[in-house]
Amino acid sequence: MTDPRSDGSGADASDMDDFGRGDDVYQPDDSEIREDAGPLEPEDTLDDRGVEDVLDEGYSPPERPLAVEGTGTTAEEQEEGDSLDERLARERPDAPLLPDGDGLGDESDTDGELLDPEAGDRRAGRLTATDQWVKGPTQDGVADDIGIDGGAASAEEAAVHIVDDPEADPDGDL
């Protein structure tokens, strides 16, 4: 009696592995296997993330697994579909709109923070010291604003704002 899986050439079923199939599942041969290309170099992408070597950027995994326990992750659940009640149960309500505030400050969820006229609303750049001092009851230093630096400002630099002095000489003489 001959094996029904044989082709009559005397080869048995174990010799059929040469056809790239095992258990009726496609198995690639050595010519089709490629090495992992890895991350793309910056010149091969459309967005510039500011790093020279893409491996310097790092990877941040998600904080939690996404939809692992949700419905519709298996093929059977996808084929069945969800009922309208299940879809409505998963729906999240829209976040409530925050009020615009009362115009007293920059906080919308409090009574407001009154704006300080001495804080200014124009941000200063890098300051360089000068040898000048303001004459008067206070000995305040004077600095020149030489513009915003190319890099990010430190917290101290970002806290400095320009304030117009109403008592200053309009000619700039001290």
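Here the Cβ of each residue, glycine as well, is placed from N, Cα and C on the backbone.
TrEMBL annotations:
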type: REGION; residues: 1-153; note: region 'Disordered'
type: COMPBIAS; residues: 84-94; note: compositional bias 'Basic and acidic residues'
type: COMPBIAS; residues: 103-118; note: compositional bias 'Acidic residues'
type: DOMAIN; residues: 118-165; note: domain 'DUF5709'
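When the compositional bias 'Basic and acidic residues' (84-94) is classified with DSSP, helix, strand and coil residues number 7 helix, 0 strand, 4 coil. On the 0 to 100 pLDDT scale, the domain 'DUF5709' (118-165) averages 73 in the predicted structure.
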